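K.L.:
Okay, handing you the structure first.
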Amino acid sequence: MSPKEKSKFEDQAKQDTARYDLEMMSYGPPVKRVKKDPSVPERPPSGFFHFCAEQHPKIKAQHPSFGVGDVAKKLREMWNNLTDSNKQPYIAKANKLKEKYQKDVADYNGGKWELGGAGDDEDDDEEDEDD
């Protein structure tokens, strides 16, 4: 390669290096995720999951060739065909565990946080005061 051709590529390399250095000045490393506190209470399963836990072994016994997806489809079909009165025992279990979960979360947070809110109501009040 002739020196003239080589200098063209060297100029491009210098420009690229300068651009790279500028980009790296503004670069920040990715933000590390905060590790989850292992003592946080786990959310309770819904009524449907209680139903699945009870019915899954029965379906697998009846249909050993069913895979995970097939079993899930069958469970969904069975749940949708249940009447509300037949669903009630599972929903009652879920509600009982939900109440326990809410109490556990309140204990964990020291009563500082409330469950079920989409955001802080206090912030909304402050915005209203500014108007």
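Even glycines carry a Cβ here, placed using N, Cα and C.
Copied straight from TrEMBL:
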type	residues	note
DNA_BIND	41-109	DNA-binding region
COMPBIAS	1-22	compositional bias 'Basic and acidic residues'
COMPBIAS	119-131	compositional bias 'Acidic residues'
DOMAIN	41-109	domain 'HMG box'
REGION	1-47	region 'Disordered'
REGION	108-131	region 'Disordered'
K.L.:
Could you give the number of helix, strand and coil residues in the compositional bias 'Basic and acidic residues' (1-22) as assigned by DSSP?
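P.N.:
So the counts come to 20 helix, 0 strand, 2 coil.
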K.L.:
Would you list the DSSP helix, strand and coil counts for the residues of the DNA-binding region (41-109)?
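P.N.:
Helix, strand and coil residues of the DNA-binding region (41-109) number 56 helix, 0 strand, 13 coil.
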